[in-house]
């Protein structure tokens, strides 16, 4: 086998994770941290949908055992209606932090960014695949769009279309978990953000990618987009029907 590159030479993977308070929050973050901890040179950018950092997430980050930046920004109330895109403010806060941190450093700055929602399941192989991203790389996502999987269709090493069950007319018919962007591209397009105005649910990815790349430029990963390495798993809605209205236990326990 070829000699392994020393870790210092590996581009850093930046994972932006929007998160919000709910009964399964800590469980989901724990699962994600257990994955990320096994990835070399990964920096986690965890962004709470909140007016201030919560105790729960602050404590969690302190004990997570991996490089982590903990940010917070609340979603304005008017954007919390069903049918509107979610987590735009949080992803943009992560992008702003990345740009601010790197703006005065000389290029080239090797790094790869991807958007890691806290309810997905990630194969460790996915991180090996995305680390060689030159501009924007893409791969299939499992259990999404009402199908077992969605994927970019690849011919002769180029993306030529999309296998999707939902709105195949999207410019980039891809899930948030289905692409990574080189840090260089993020820094050279300082105005590329997730838009609130005029953006519909399911169009956030397209609206973002349109600002930084074209379909022709996409780099197919995961064996020419034939392997599923990330799944849109959904945690079951928690049944708290027997939770007492007032605190009855003699100790206070964080869940």
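Quick reminder: no glycine exception, Cβ is built from N, Cα and C everywhere.
Predicted, not measured: the structure shown is a model, and the values here were computed from it.
Residue 18 (UDP-alpha-D-glucuronate binding site): 26 other CB atoms within 10 A of its CB, across all protein chains. Residues or ranges marked as UDP-alpha-D-glucuronate binding site by TrEMBL: 18, 19, 20, 49, 86, 91, 117, 118, 119, 232, 233, 234.
Taken from TrEMBL, the feature Mn(2+) binding site covers 119. Counting Cβ atoms from all protein chains shown, residue 119 (UDP-alpha-D-glucuronate binding site) has 15 others lying within 10 Å of its own Cβ.
What TrEMBL records for 150 (among others) is site 'Interaction with galactose moiety of substrate glycoprotein'.
Less than 8 angstroms from the CB of residue 205 (active site, proton donor/acceptor) sit 170, 172, 174, 175, 176, 178, 179, each of them six or more residues away in the same chain. Marked as active site, proton donor/acceptor by TrEMBL: 205.
According to TrEMBL, the feature N-linked glycosylation site maps to 224. With a cut-off of 8 Å between CB atoms and residues at least 6 apart in sequence, the same chain places 154, 157 near residue 224 (N-linked glycosylation site), listed in sequence order.
Here the Cβ of residue 242 (site 'Interaction with galactose moiety of substrate glycoprotein') has 5 other Cβ atoms within 10 Å, regardless of which shown protein chain they belong to. According to TrEMBL, the site 'Interaction with galactose moiety of substrate glycoprotein' annotation covers 242 (among others).
Largest CA to CA distance in the UDP-alpha-D-glucuronate binding set (18, 19, 20, 49, 86, 91, 117, 118, 119, 232, 233, 234): 21 Å, whole number.
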